[in-house]
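Data first, discussion second: the structure below is written as structure tokens.
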Amino acid sequence: MKNQITNALSDFFFEYETPRQVLVRNRRVGVVCRLIQLGVLAYIIGWVFIYEKGYQSTDTAVSSVFTKMKGVGYTNVSGSERVWDVADYVFPPQGDSSFVVMTNYIITEGQKMGTCPELKGKHNCKSNADCEGGSFKRTGHGQMTGVCVESTKTCEVLAWCPVEDDHDIPDPPLLMSAENYTLFIKNSVTFPLFGVTRSNLVEGIDADYIGKCLHDPKKAPLCPIFRLGDIVKLSGFSFETIAKVGGAIGIVVDWTCNLDVDVKHCKPQYNFHGLYGNPDETDKARASVGYNFRYAKHYMENGTQKRTLLKVFGIRFDIIVQSLARKFDIIPTLTAIGSGVGIFGVATVVCDLVLLYLLPKREFYKNMKFKYTDTHAQK
């Protein structure tokens, strides 16, 4: 046992293996070897260098976006005429990258704090016993007082009265004129790794051009002014459908730049996606349709606090900036080449397996490939 351990340690420390080149004239093995090498070469050139751009380093941008809406709307509801400007229909008004444009609404005017009957279907009752005083209902408008109103057969509530009735949504939408509003997007990006800063107001886009251009994917793809109707259409939806109950649309500003060429070729591309759902679905196919929210304008009248409540249906726009810049770098280039050279060894491994374990003359090839020497025997 001791001798075996000694011999094993001696072999480990005092023996050296060196590759031996054996030229094998075998057509099948030669074809397999060249096909594998050709496949590896195609992978390195086609996938690593051409498709994945393995010779370049990458960076994503730090970006900022601000927006500006323009357009005026007009409504005439029951003889009450009103003009709506940007301050009325854009929420929030600061020009953020995410905002809502009002396209429809339900207005409840002259609300004041007090007691009044609930809407039918909210708190139906037959007697006061059905109205638990001091309790709330999730879909209700206020706190129940414990009284059942005989005229409406609904519970009385402490709330802003009269309560809002939003069962009937105006159709067609009250602000269909929003289709012709325009949106101006200003976006700047910085690639810190490469020290490059770009704006979507690229070369050739000046004040005169902005004053008369309107974005078109084919005729004016770089114009930063968009008609709302065109945005909705390019996202795959009908403006009238989405304007009635609201929805959400994503505007993607895509900066994919190859900085190995002149930086002026680094330009944005605009894409539009409906985040409202599938345009092929019908409204009945979804449990919750559209986008809406409420806001109130408070005021004092004869010493009483009142408010005007609006349930706003609108289109929410989310401006999303995607970016990827590439530039030649020697380190990823050498890394890609080195890994490719290493993969070439796959051909040798496969061919050795074929030679040593599959071919009829495998014992002959083993004797040719491996040679054992003993320095003590030579002496």
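Glycine residues also receive a Cβ, built from the backbone N, Cα and C atoms like all the rest.
All annotation found in TrEMBL is predicted automatically rather than curated by experts.
Within the same chain, the residues at least 6 positions away from Lys70 (ATP binding site) whose Cβ sits under 8 Å from its Cβ are Val86, Tyr181, Thr182, Phe184, listed in sequence order. Annotated ATP binding site per TrEMBL: Lys68, Met69, Lys70, Thr182, Asn292, Phe293, Arg294, Lys311, in sequence order.
The disulfide bond annotation in TrEMBL covers Cys116-Cys161 (among others). Around Cys161 (disulfide bond), a 10 Å sphere centred on its CB holds 18 further CB atoms from the protein chains shown.
For Cys148 (disulfide bond), other Cβ atoms within 10 Å of its Cβ number 21. According to TrEMBL, the feature disulfide bond maps to Cys125-Cys148 (among others).
Taking all protein chains in view, 26 other C-beta atoms sit within 10 angstroms of the C-beta of Cys155 (disulfide bond). Residues or ranges marked as disulfide bond in TrEMBL: Cys131-Cys155 (among others).
The disulfide bond feature in TrEMBL is assigned to Cys213-Cys223 (among others).
Of all Cβ atoms in the protein chains displayed, 19 besides its own lie within 10 Å of the Cβ of Cys266 (disulfide bond). Per TrEMBL, the feature disulfide bond maps to Cys257-Cys266 (among others).
For Asn180, the entry in TrEMBL reads N-linked glycosylation site. Using a 10 Å radius centred on the Cβ of Asn180 (N-linked glycosylation site) and all shown protein chains, the other Cβ atoms total 13.
The transmembrane segment annotation in TrEMBL covers 29-50 (among others).
Annotation comment: TrEMBL describes 336-359 (among others) as transmembrane segment.
Sparsest Cβ environment among the recorded positions Met69, Cys125, Cys131, Cys213, Cys223 (other Cβ atoms counted within 10 Å): Cys213. Each of the binding-site residues Lys68, Arg294, Lys311 was scored by the number of other CB atoms within 10 Å of its CB, and the largest score is that of Lys311.
Cβ neighbour density within 10 Å is lowest for Cys116 among the disulfide-bonded residues Cys116, Cys257. Closest in space to Lys68 (ATP binding site), of the disulfide-bonded residues given as Cys116, Cys125, Cys131, Cys148, Cys213, is Cys213, taking the CA atom of each residue. Among the listed binding-site residues, namely Thr182, Asn292, the Cβ with the most fellow Cβ atoms inside 10 Å is that of Asn292.
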